[in-house]
Amino acid sequence: MGTKAVFLLLALLSFSAVSLRSALAENEEDPGLVMNFYKDTCPQAEDIIREQVKLLYKRHKNTAFSWLRNIFHDCAVQTLSEKEMDRSFGMRNFRYIENIKEAVERECPGVVSCADILVLSGRDGVVALGGPYIPLKTGRRDGRKSRAEILEQYLPDHNDSMSVVLERFAAIGIDAPGLVALLGSHSVGRTHCVKLVHRLYPEVDPALNPDHVPHMLHKCPDAIPDPKAVQYVRNDRGTPMVLDNNYYRNILDNKGLMMVDHQLATDKRTRPYVKKMAKSQDYFFKEFSRAITLLSENNPLTGTKGEIRKVCNLANKLHDKS
């Protein structure tokens, strides 16, 4: 977590609930996304997912970071296997989504989509990290195919300008305060050295807080780190396992690790919201909840579109051939 402009928070397993630019045709039999979609077909679904998240978080606390990021990635792009791409370095623990899927399948075979499991596990992961509980609608279906090549088109990179980041978030309905709130996901997790050494070598970025530089150099001692090595810097050394507004105080103090963090605190379009969230965690949580809700409802496949995958890392036609 912390290697994308969100995370965020979050179609890493080669499935997607999203059709980025095609609106679902009007269909009287398609209820779309609704609250408690599985109340009749699998009434225990959300409880099972919540308990599985708690269990996995207890055993492997870093799983919550991945779930938080997965919300963004699944709801923002439609990819073939994003976890295999360079832009996805650091995305781990996808196997835990399969654990949750298996638990749900034991109760209700073929009913609950991987897309809904991913969104709900992300929602419950936010709670595990001390963040707000966000009521989210369900009823998504899984894509039958996805395309890795659109990743670069829709996901902002940590080195993109703030104009590009704002533009790409606006394209999926997220405004400036929503963007600022989503980037607050950098309050938890860690940033791998491959994503920030350009700020340390060959010369230290003068915009960095000089008191924070020795720690970064200690954690990232190589100008060209091994991309597979476990070398990283905690996004927030104060409360690294808590989703809170400490991130905003850090970046106002020039302790943001990536350029997107620095720009967020300095760009005139986003700085006012950074300052407001630094002062009020309630405001941060309010905007974060709103943005996650918008993100989760970004043109999903519903009704008879797509399918309910048997396993989350393969479309059914590929699973049936294996």
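Cβ from N, Cα, C; glycine included.
Annotations in TrEMBL come from automatic prediction, not curation.
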> Cys114 pairs with which of Cys220, Cys312 in a disulfide, per TrEMBL?
Replying inline: Cys312
>> Which one, Cys108, Cys193, is listed by TrEMBL as the other cysteine in the disulfide with Cys220?
In response: Cys193
> Choosing among Cys75, Cys108, which residue does TrEMBL name as bonded to Cys42 by a disulfide?
Replying inline: Cys108
>> I'm trying to understand the geometry here, so how far is the Cα atom of Asp244 (Ca(2+) 2 binding site) from the Cα atom of His186 (heme b binding site), in Å to the nearest whole number?
In response: 10
> If you measure Thr239 (Ca(2+) 2 binding site) to Cys220 (disulfide bond) at Cα, how many Å is it?
Replying inline: 20
> Averaged over the domain 'Plant heme peroxidase family profile' (32-316), what pLDDT does the prediction give?
Replying inline: 86
> Neighbourhood of the Ca(2+) 2 site (Asp236, Thr239, Asp244): other residues with Cβ within 8 Å of the Cβ centroid, in order?
Replying inline: Ser187, Val188, Gly238, Pro240, Met241, Val242, Leu243, Asn245, Asn246, Tyr247
> Cα of Asp236 (Ca(2+) 2 binding site) to Cα of His186 (heme b binding site): how many Å, rounded?
Replying inline: 8
>> Going by a 10 angstroms cut-off between Cβ atoms, which of the binding-site residues Asp236, Asp244 has the sparsest surroundings?
In response: Asp244
